[in-house]
Amino acid sequence: MSATLRFGEGNLQYDAQGRLRHLLSTEGLRERELLQILDTAESFLSIANRSVKKTPTLRGRTIANLFFENSTRTRSTFELAAKRLSADVLNIAVSTSSASKGESLTDTIDNLMAMQVDGFVIRHPEAGAAHLVARHLGDSALVVNAGDGQHAHPTQALLDVFTIRRLGGPIEDRVVAIVGDVFHSRVARSQIHALSVLGCPEIRVIGPRTLVPEELSALGVHVYHDLQAGLRGVDVICALRLQRERMESHRLPSLDEFHRRFGLTPERLQWAEPGALVLHPGPMNRGVEIASEVADGAQAVILQQVAHGLAVRMAVLAILAGAAGGA
């Protein structure tokens, strides 16, 4: 399959009129679309406080969730986002679908399109899977990348940026540090692109040499292999999960060694600016990349990220469907 995933060709995210039709990566997104998503998400936040938590924005539309990897937060919030927009939702259990019998991804999509599906949310272990589907469908249905291999996770980056903007102040005044397993992280790459477009003055990446790709410096980020030096002057800390399921054994001596050098503890949090926000995309490895005292502490905004993720994903679906315009 990977030989067909030429996801570097062109920008499939925009239609012929220059409108955002698919969300595949934060790379290649213009500032105006990023701001449109963030501002629309702000308007959708209030729905959670209503007695009837729905808006008719996508009434009559059908959204299919295809998750080829395990997920709790992303899958749940996409399902709830579509339902709160009044869409019909198909949750495809890939382990019991024809895909488990060898059916190709595009054949699966074609069969669902025959049922008049209007949009697809796709998580897949191979980088470029969502791009393959978007190229296959063109403008006939919207596609949202919910994570593809180590490549991208755009909605996670958008909800992180939304959280920073809402709780931490203007992004153009914040110094942001991304700490941990950057090598395997699709989230980090997506965060870097989004923060850069929105004018973040300094993005730092902190981690052991084996878990920080050398080519990141080409994106304009500052790379640190010492946690104390990297956290000095930082306003926002994004801690990343150690992705042991993707990791080759030689990249990490031990979990204890990682925590000793790069784990975020209350004492180390003091190296950053007073009141620095702490984010984590989840799921957390408590006692490895983040101590429970920090994860549950006053500076952590991890549960707020989850709540914001629902509003951001509602905004993405509404905008891609051409139906944004009010909650």
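Glycine is treated like the rest: Cβ placed from N, Cα and C.
What Swiss-Prot records for Arg73, Thr74, Arg123, His153, Gln156, Gly282, Pro283 is carbamoyl phosphate binding site. Sequence annotations record features per position, and here Swiss-Prot assigns L-aspartate binding site to Lys101, Arg186, Arg241 based on sequence analysis.
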Alpha-carbon distance [Arg186 (L-aspartate binding site); Pro283 (carbamoyl phosphate binding site)] in Å: 14
Cα-Cα distance linking Arg241 (L-aspartate binding site) and Gly282 (carbamoyl phosphate binding site), given in Å to the nearest integer: 7
Intrachain C-beta neighbours of Arg186 (L-aspartate binding site), sequence separation six or more, cut-off 8 angstroms: Gly147, Asp148, Gly149, Gln150, His151, Ala152, His153
Fewest-neighbour residue among binding-site residues, criterion Cβ within 10 Å, set Thr74, Gln156: Thr74
Least buried by Cβ count (within 10 Å) of the binding-site residues Arg123, His153, Arg241: Arg241
Gly282, Pro283 as binding-site residues, winner by CB count within 10 A: Gly282
Binding residues Arg73, Thr74, Arg123, His153, Gln156, Gly282, Pro283 (carbamoyl phosphate) - maximum C-alpha distance in whole Å: 16
Other residues, Cβ within 8 Å of Arg73, Thr74, Arg123, His153, Gln156, Gly282, Pro283 Cβ centroid (carbamoyl phosphate site): Ser71, Thr72, Ala146, Gly147, Val187, Pro281
Nearest-integer angstrom distance between the alpha carbons (Cα) of Thr74 (carbamoyl phosphate binding site) and Arg241 (L-aspartate binding site): 15
Under 8 Å by Cβ from Arg73 (carbamoyl phosphate binding site), counting only residues of that chain that are 6 or more apart: Gly282, Pro283, Val306, Gly309
Distance, Arg241 (L-aspartate binding site) to Gln156 (carbamoyl phosphate binding site) (CA atoms, angstrom): 13
Inter-residue Cα distance where the pair is Arg241 (L-aspartate binding site) and Arg123 (carbamoyl phosphate binding site), in Å: 18
